[in-house]
Amino acid sequence: MIAIGFEGSANKIGIGILEHTASGEAVVLANVRRTYITPPGQGFLPKDTAVHHRQHVLALVKEALAVAKIKPSQIDCICFTKGPGMAAPLISVALVARTLSLIWKKPLVGVNHAIGHIEMGRMITGAQNPIVLYVSGGNTQVIAYSEKRYRIFGEAIDIAVGNCLDRFARIVGLPNDPAPGYNVEQCAKRGKTFVELPYGVKGMDVSFSGILTFIESVAEDKLKKGLVTVDDLCYSLQETLFAMLVEITERAMAHVGSSEVLIVGGVGSNVRLQEMMESMVKDRGGRLFATDERFCIDNGLMIAQAGALMYATGIVTELENTNCTQRYRTDDVYVAWRE
Amino acid sequence: MSHTLTLRIPLGSHEFAGIAARVLAVDRELKQSQVQRTVESDGDELAVTFTAASVKMLRTSVSSFLEFAGLVAQTLAEFGSVDAE
């Protein structure tokens, strides 16, 4: 079975093509992507992001088909991100998926973006039943599978951890190329002075906006006075944010009795986060699973993977129900494809 | 909601107009209380009617719709006449 997946919920537009062979193997046929990068100090707004996606999506479809060396007739299902995410970018990509569905006469499968990340992580790493830490610019959730649902055990109550890192990068003028969080990570490696920041764990949940406000005032004060460097602040911010994430992940592991952790989402490509998580997981006699930037940063292949699993259980999304939704809870989806 | 506008967009064939109408009708306007839109195909053309509470809402919705419709038209132009085979 061959699935094509369309992803464009934030500033990445990606198309992936995947084959599930008769012997149960998942083969990557194509995974192409473009990223909308704004100048330093600026975030990406929905309207401009949608313009970017509209400019690239059709060429990416052609590129994906060419890389996969397949014709549209060989595709079994067209998978696309239904939500969550930004409305105009989501709709732009969904319109192309819907149009191709009618032209090529193939069924559509509307996929939850978070579940795309989870299923891609499971497929690439082989992790069986891990606690999943989903961390990105738009989402921060601790998830565990139980009885046909990916249940949210804990989450950010205000802004996502990636959003906190990205906005901090903008405050200190770090470039957005290739991603603001990547540049924060590189600066953090050179940090020497640890600046104490508020710690925002609230039971199973985390809060980041207070830390952002605080570090903004530190930047106005100590940074301007030359008492700390940007590297020091990046280092301090990462250590604090990641310690919080490790804590709530550990709490979920204890609740569920799991010894596996899988990190997905763009922030999952951060090596320091992986180090800190692995340290905790190893202390508990467990195993950490993580993927590289091809798969943990938003991509079309993850949508194809989750969509293919859904399609294999008979799920299709009728055209009238392919509307995009900015809010779409991970636990709203009935996970028919797992025990 | 007293401000209305009707667009007629030629798409070249009954088939293309039909496809465009179906895919563009799926997403509803975000602010239903302020603007509503109906999308239908009529022959070779897409017929879209907007009803809005203010000129500003009308302008925003029409502008946004034209960008989406343009994308659908482009998709049809680039992929529509080539057989799936």
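Note that the numbers count up from 1, one per residue, in the order the chain is shown.
Including glycine, each Cβ sits where the backbone N, Cα and C put it.
Copied over from TrEMBL, here are the features:
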- A:HIS113, A:HIS117, A:TYR134, A:ASP298: divalent metal cation binding site (BINDING)
- A:TYR134, A:VAL135, A:SER136, A:GLY137, A:GLY138, A:ASP166, A:GLY181, A:GLU185, A:ASN270: substrate binding site (BINDING)
- A:30-304: domain 'Gcp-like' (DOMAIN)
Query raised in the report: Far apart in sequence but close in space: which same-chain residues, 6 or more away, have a Cβ under 8 Å from A:HIS113 (divalent metal cation binding site)?
Result: A:GLU7, A:SER9, A:THR81, A:GLY83, A:PRO84, A:GLY85, A:ASN139, A:ASP298, A:ILE303, A:TYR328
Query raised in the report: Just the number: how many Å between the Cα atoms of A:ASN270 (substrate binding site) and A:HIS117 (divalent metal cation binding site)?
Result: 16
**Report entry** Mapped DSSP class for A:HIS113 (divalent metal cation binding site), helix or strand or coil
**Finding:** helix
Requested in this report: Using all protein chains shown, find which of the binding-site residues A:GLY138, A:GLY181 scores highest when you count other CB atoms within 10 A of its CB.
Outcome: A:GLY181
Query raised in the report: Cα-Cα separation of A:TYR134 (divalent metal cation binding site) and A:GLY181 (substrate binding site), in Å?
Result: 15
Requested in this report: Report, in whole Å, the straight Cα-to-Cα distance of A:HIS117 (divalent metal cation binding site) from A:GLY138 (substrate binding site).
Outcome: 13
